[in-house]
Amino acid sequence: MAEPSAPESKHKSSLNSSPWSGLMALGNSRHGHHGPGAQCAHKAAGGAAPPKPAPAGLSGGLSQPAGWQSLLSFTILFLAWLAGFSSRLFAVIRFESIIHEFDPWFNYRSTHHLASHGFYEFLNWFDERAWYPLGRIVGGTVYPGLMITAGLIHWILNTLNITVHIRDVCVFLAPTFSGLTSISTFLLTRELWNQGAGLLAACFIAIVPGYISRSVAGSFDNEGIAIFALQFTYYLWVKSVKTGSVFWTMCCCLSYFYMVSAWGGYVFIINLIPLHVFVLLLMQRYSKRVYIAYSTFYIVGLILSMQIPFVGFQPIRTSEHMAAAGVFALLQAYAFLQYLRDRLTKQEFQTLFFLGVSLAAGAVFLSVIYLTYTGYIAPWSGRFYSLWDTGYAKIHIPIIASVSEHQPTTWVSFFFDLHILVCTFPAGLWFCIKNINDERVFVALYAISAVYFAGVMVRLMLTLTPVVCMLSAIAFSNVFEHYLGDDMKRENPPVEDSSDEDDKRNQGNLYDKAGKVRKHATEQEKTEEGLGPNIKSIVTMLMLMLLMMFAVHCTWVTSNAYSSPSVVLASYNHDGTRNILDDFREAYFWLRQNTDEHARVMSWWDYGYQIAGMANRTTLVDNNTWNNSHIALVGKAMSSNETAAYKIMRTLDVDYVLVIFGGVIGYSGDDINKFLWMVRIAEGEHPKDIRESDYFTPQGEFRVDKAGSPTLLNCLMYKMSYYRFGEMQLDFRTPPGFDRTRNAEIGNKDIKFKHLEEAFTSEHWLVRIYKVKAPDNRETLDHKPRVTNIFPKQKYLSKKTTKRKRGYIKNKLVFKKGKKISKKTV
């Protein structure tokens, strides 16, 4: 097989100006133009001189291969954007324009507040409907990039007299940004390899399920715009390293600033870019371009990132950012030593080098230890520390482990979200390592680190998806380039690599790159003579079939797995008809219409954002999870018996309690299945009152039937979920009180409340709301009233028994008998 041409190589001159020749040259072209080097190479090969350029104009531009390539590239990118946007609209078509999941409801509520009251009111907004009685300062506790982006688009549309509701802007924001993600991925892959690979990468990321899962219409979450910012920042960084231009580096800093404002995953960037620079230093690939790019990026990016209120001084005071500072100091020391090496003798330089490195390393090490010990540098947060120690969160911080997105990724998830790209991704990585240069070192580090983090946490599959699309596109591009453009390669001799030209242009100012070994023409001919047209056709058809299966899989997964809003459920009958289960919105609307405006609703933290967003009522805890002790108090109330829970609810001024119960319809995401996490979180703060072992049977089982633990059968969560459920018989094959989710008959059917009363139960019993009774004006006496018997039955007592059991009067006064005074005494 012939060596793949390097992506930096200039575009080879084609033999004719037909559209097919332009299409074939697309895989080898980066910028779609013919330079003088290509023409000279063509003449050196003995070919005819290239045709003269056609007259200016549209027809003249399209008559050139570059014109056809530009048109073809634009068309493919437009179709990729259109396909990605269309495939994300299944939820809107099947249901309606609605916000999905949990976190997007808070983002939508914040964006609505921003659009209604302005930016400064948003920054100073104190949300009194969250975390009662504490409240929440929203402006300083969110990444505002998502809200500002949606609010800016809404303002522009209204300025142009295009009346659009802010909800529709939020719903369609992520599908729109998916097209920008495709373009940024195209630009990055083109810088890494060539234009053909970039177009394939753009098509892959437009429809891949790993990215669609967080960017469907209605998923108004930070990741919807953050992946675009991530890819665009990486593209500008690669551009900065290749050119050494301050302009591109400043653009990279601005893109990084937008990324910091949009998502907490910016920590991945501020650790991956320093890792890239550090590895380049280890590989002795230091250059002035790297020095200019990283020094400018770190200083300007650091200052810009600190302008986000939620980030503040974290870039200089947290352990997650210390690697970037260390690499910056190392780069300055390396550059200083490079400066001294040209002005000192070899012996003096070696002495100074070892002495300086020892002192600098010791000073940095002692400084880090001192600053960490004194608390100036904060240690790793629990969420980041759990990336290195996967069992840490489950033992020490159960609230982090309770989130499904923080669970380790299964092998099935990789194939489900990436399909055939999982298999072709290592091939693309091998091609990059085989033809290594500065930017390919970056993509190799990106791939390796993303694979590790995606394996540790399901949520980080999102960071793996872009690099898998890029490397898989490189692999497919090489295969198509070899099996479709073989003849043209043989007629066009290889030209010089642009990296070599860059070295010549800088006249030795840069390091000496290790160039790749090119095959001789005779060796290429021997290799390619064995490839007949049949083999080329078979391989090409196989590749096209794989791509077709990939497209079908992506569409099916998007339609069936990632296009269902969690607030509206759908089920299908045997005849194919669909049933809509709208219990969540039904219950939230009931709360909005039938409760006091200032009513306080207690529920588990999963539903806090939805209650505040749809019901507009005050909640005790929500999905922000910033106060673990407050969440543990709610978990303790749910895990305790009714009397103990009532005291907690009165302390927190709770008016209503909301629980999710799926025993009727078989909904597995209800509160009974989440109950053990409530117990674990409560046990972490109240170990004397709540113990997880009390909720298991002696055999260690968690059961809701008669064999279940008495503590479980009498706790508040169990009673609220199964109240009046023992009277319901779902079908003739199961007894009354049969739980379809856990496939068991409940153990406590005679449930009665003393301090609560049922206020609302949705149509399918999915949402149940209870009202907390006010305390009685006069406490009832627990003891029985005294009963008097007028005619008591007298029992015969013998004298012996009476003497033996003689009673006595407690504290009886003792009178001392006086003596008569005699005459003698006087």
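Glycine residues also receive a Cβ, built from the backbone N, Cα and C atoms like all the rest.
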Among Asp103, Asp342, Asp389 - the residue Swiss-Prot places in the same Mn(2+) site as Asp221, Glu223: Asp103
Annotated range (Swiss-Prot: motif 'WWDYG motif') out of 309-313, 599-603, 604-608, 654-658: 604-608
Record-annotated N-linked glycosylation site (source Swiss-Prot) among candidates Asn16, Asn627: Asn627
Listed residues Ser29, Ser693, Ser798, Ser822, with the one flagged phosphoserine by Swiss-Prot: Ser29
Same side of the membrane, Gln284 and Met457, by Swiss-Prot annotation: no
Positions whose Cβ lies under 8 angstroms from the transmembrane segment (322-341), at least six residues beyond its ends: 270-271, 273-275, 277-278, 281, 286, 290-291, 294-295, 298, 302, 315-316, 349, 352-353, 356-357, 360, 364, 368, 377
Asn623 (N-linked glycosylation site) CB neighbourhood, other CB atoms within 10 A: 18
Winner by Cβ pairs under 8 Å against the transmembrane segment (195-212), considering only 246-260, 288-313, 461-482: 461-482
For the topological domain 'Lumenal' (457-460), residues assigned helix / strand / coil by DSSP: 3 helix, 0 strand, 1 coil
Overall pLDDT of the topological domain 'Lumenal' (261-265), taken as the mean: 93
Cβ contacts of Asn616 (N-linked glycosylation site) (under 8 Å, same chain, 6 or more positions away): Arg129, Arg592
Cα-Cα distance linking Asn641 (N-linked glycosylation site) and Asn627 (N-linked glycosylation site), given in Å to the nearest integer: 24
Inter-residue C-alpha distance, Asn623 (N-linked glycosylation site) and Asn641 (N-linked glycosylation site) (nearest angstrom): 25
